[in-house]
Amino acid sequence: MSGMPNAELVREQQQPGDPMGSSAHPNAYVPEVGGLGSELPEAPRDKFFRKMREQPLVPIGSLLTCGALIAASNHLRSGNRDQFNKALRWRVGFQGLTVLAALVGSFYYGQQAAATIPAPASSSADAPLQQGAVTTLPGRAPTVWQQTRADERANKGRNEFEGRVGQALDRELNDDKRLEEALLGKEEEINLEQLKKTATKPRPVIGQDARRQV
């Protein structure tokens, strides 16, 4: 009779999808958390150079886009409308290539990182751990519930990354649009000033000599 409460407690503490129960091993998920925390975070400088090596077209496209904007502003100051419009078209082309390169690179390296998840050291005791990215006790395969939770975390991280990339691209497009509108507004102001100057000049009357007027 004294063992009945313990048996009921064992059944209550069993997790969904775990037929063997986890009350005998309350720290079954500690290796997974420890494995994630043992990885040192990448330094910002190393991450910057790694991104430069992985996606060289993105910084090159950004520099070309900035160069086209600078050229457009110079042509606007000089009053060359044709070259100004041409520089704006180059800016749009460079920006489109930069966005396309960023999206393709993010998708490619995201798939590559997901396919190359580091697996634990293989041995005869923990061979079942190679079935997925979920770490369990040695000799035990991951349960359906554990695998489902791991897939949910992976999908959530991927969706958050794609959302951040989309927000960054939207901010860049909005900034470029505002800059282009500002440049076009400045060009219209210059044209209005030129029209005002030409309108204020006195026009000579045909057949009338201004020198004879008193």
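Here the Cβ of each residue, glycine as well, is placed from N, Cα and C on the backbone.
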Need the matching range: Swiss-Prot marks coiled coil on one of 9-29, 30-50, 177-197, and I'd like to know which.
177-197
Tertiary contacts of the transmembrane segment (88-109), as residues 6+ beyond its ends and Cβ separation under 8 Å:
54-55, 57-58, 61-62, 64-65, 68-69, 71-72, 161-162, 165, 169, 172-173, 176, 180, 183
